[in-house]
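Colleague: Here it is, the structure in full.
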Amino acid sequence: MKHPNDGVAVDVLTIGSIHLDHQFSVDALPGPGETVLALSAQRGLGGKGANQAAAASRAGARSAFFGFVGDDPQSADILQRLHGLGVDVSAVVTVQGAESGSAIVVRDAKGENQIVVNSGAGAEGRVTDASLADQISKARVLVVQGELPSVLSVRAARLAHELNVRLVINLAPVASFDGVLQWADPLVVNEVEAAQLVGGDARHTDETLVLRLGDLAKTVVVTLGARGAIYLENGSVRRVPARVARQVVDTTGAGDAFVGSLAAALARGAALGQAVGVAVVAASLSVENLGAAETYPMFEAGS
């Protein structure tokens, strides 16, 4: 398939967070003030940006990642893990005197989780517009989310618009992206984030929720978990049903699998509805395994 900007170096550039996850499995998630014993523990790659870049790569895209790590010993481990998943990490910036990002992930027997993130270098890193533009200009699709300081993500979004690079904004967590949401093609949020953006009115149906979000962005996708996804394009609302997972082992990173594979499909020239269908399948497959980026399934998003 011929693309409008042939000759680009990568299909998907993700600008975002990268962490080393410390993962604990428990029978039940702890309540306030409660101590529980872990059944097992492991370390793995995490961070929304890293997960999404990995998902794009696993979906067959040429994927690159831009973010920040510290000058601590775990930075080499983090980058080696992401590079091992086929992601170009050559543009990652090392922040002197900072620690790399980390997260505590606690998951229960049903696959549900609680996550606490220490952004580390991700909250301290600095980059010039010239450096950002150089990286963005090489991509067909740019993905940004809410885990980095919003000022950086907003700058990247503006540059993508100026450089005519398709922009995917995953507003997770919800942050201030004033002035750039209208360029999102699409804006991707889950039900909770969508409700926060439109004022948190629990009376919204899925359809009215996505229509309200249409006032903010060019196109919109709302993920609905086990119910699939709903999207808005050119004023029309359409649903994509979920693929039923064989078993739910771990929901950590399922939303990131959705976003990364969606971006990969868009970069290959898929229509939005087709891309959402690919993403729903990728997210469903991701929950069948323990972990996030390093256990995402490999498949072709454009097939």
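Heads up, the Cβ atoms here are built off N, Cα and C, so glycines get one too.
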Colleague: Which candidate from ASP250, ASP256 does TrEMBL annotate alongside HIS19, LEU20, ASP21, GLY47, LYS48, GLY49, ALA50, ASN51, GLU147 at the substrate binding site?
Modeller: ASP256
Colleague: Could you look at ASN164, ASN190, ASN289 and say which one TrEMBL places alongside THR223, LEU224, GLY225, ALA226, ARG227, GLY228, GLY255, ASP256 in the ATP site?
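Modeller: Looking at ASN164, ASN190, ASN289, the one TrEMBL places in the ATP site next to THR223, LEU224, GLY225, ALA226, ARG227, GLY228, GLY255, ASP256 is ASN190.
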Colleague: Could you check which of the binding-site residues (ALA50, THR252, SER286) sits closest to GLY228 (ATP binding site), going Cα to Cα?
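Modeller: Among ALA50, THR252, SER286, SER286.
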Colleague: Look up ASN190 (ATP binding site) in the DSSP assignment and report helix, strand or coil.
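Modeller: Where ASN190 (ATP binding site) sits, the three-state DSSP reduction gives strand.
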Colleague: Could you tell me which of these binding-site residues, ASN190, THR252, SER286, has the fewest other Cβ atoms within 10 Å of its Cβ?
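Modeller: Selected from the binding-site residues ASN190, THR252, SER286 on minimum Cβ neighbours within 10 Å: ASN190.
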Colleague: Return the member of ASN190, THR252, ASP256 nearest to ASP21 (substrate binding site) in space, with distance defined Cα to Cα and candidates limited to these recorded positions.
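Modeller: It is THR252, whose Cα lies nearest.
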Colleague: Other Cβ atoms within 10 Å is the metric here; tell me which of the recorded positions ASP21, GLU147, ASP250, ASP256 scores highest.
Modeller: ASP256
